[in-house]
Ligand SMILES: O=c1[nH]cnc2c1ncn2[C@H]1C[C@H](O)[C@@H](CO)O1
Ligand SMILES: [Zn+2]
């Protein structure tokens, strides 16, 4: 199978984990931002989380440097454009990019300006390449419920104009969903779709709560439903789609090695799985690489590719017309 040439869809990709190292260097030089290294290769080492990482929290340390250069409208638009450009060049036809607006206010931008800048970058790429996109607004679980309300309110006016959904991300604690019931309920009322990072660090119950308490339609990762029967069953019965990110899961030690990844067991059992990068730079990967690893490891074939691609189409937060178009790429 020539995966590089096949059409792809990506539903789980963080903007701040997917910057080109050269862009970071370029902006840092222009803005006088101090980096520990000005050599692209050295910088890249600092940006990539090693496969021998200990935990999700260690993985998340890699986001400090990128966020230093994501504090102006121009930079946010440029970085978003470049991410879509990179994706288009590997035949990604549709991509949902997520980011946490509140991480980009350090130099005075307001949340609306931040969202608009990301949308501008995405629109430029859509006009130039054969790719479509939507944006998912992530709320940091490490911040207050109030801060999540803030994102939900300020993002509202962009719904249907490039913003499609709300997400919760960052370090995962047991029972985190309870704290965010109200802001996520308000988001649903406003028309946001809902995807939640859960079950990434050993706590399958978080997936159950994300579905039951927050109305999650999709789950970021969800690896640990394998150890929680109730979570497993609710995901399977409700067709909750899992956004799986194999390399990231090895790095954060959700699994010790690719061969232990539960994606194929889930897939064989009829759970709707999708394949994603999570973070192109921090995980040093691409969609083609993630697909190649999984298809080789579990000896999957054309039928599996079509099924997983269609899972991504169906679970995407795209409009009906876009979904129909995406299906035509398979033929
Ligand atoms: O895989 C992840 N799990 C939880 N949080 C994550 C993951 N990848 C990135 N993030 C965090 C770090 C970023 O700063 C934030 C917004 O994109 O999302
Ligand atoms: Zn993620």
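Using the three backbone atoms N, Cα and C, a Cβ is placed for every residue, glycine included.
All annotation found in TrEMBL is predicted automatically rather than curated by experts.
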TrEMBL Zn(2+) site partner of 12, 14, 278, selected from 197, 261: 197
Environment of 12, 14, 197, 278, the listed Zn(2+) site - residues of the same chain whose CB lies within 8 A of the CB centroid: 13, 17, 98, 169, 220, 221, 243, 245, 248, 276, 279
Residue among the recorded positions 16, 200, 278 whose Cβ has the most other Cβ atoms within 10 Å: 278
Mapped DSSP class for residue 14 (Zn(2+) binding site), helix or strand or coil: strand
Candidates near ligand 2 among the recorded positions 16, 221, 278, judged by a Cβ under 6 angstroms: 278
Cα-to-Cα gap, residue 197 (Zn(2+) binding site) vs residue 221 (site 'Important for catalytic activity'), nearest whole Å: 6
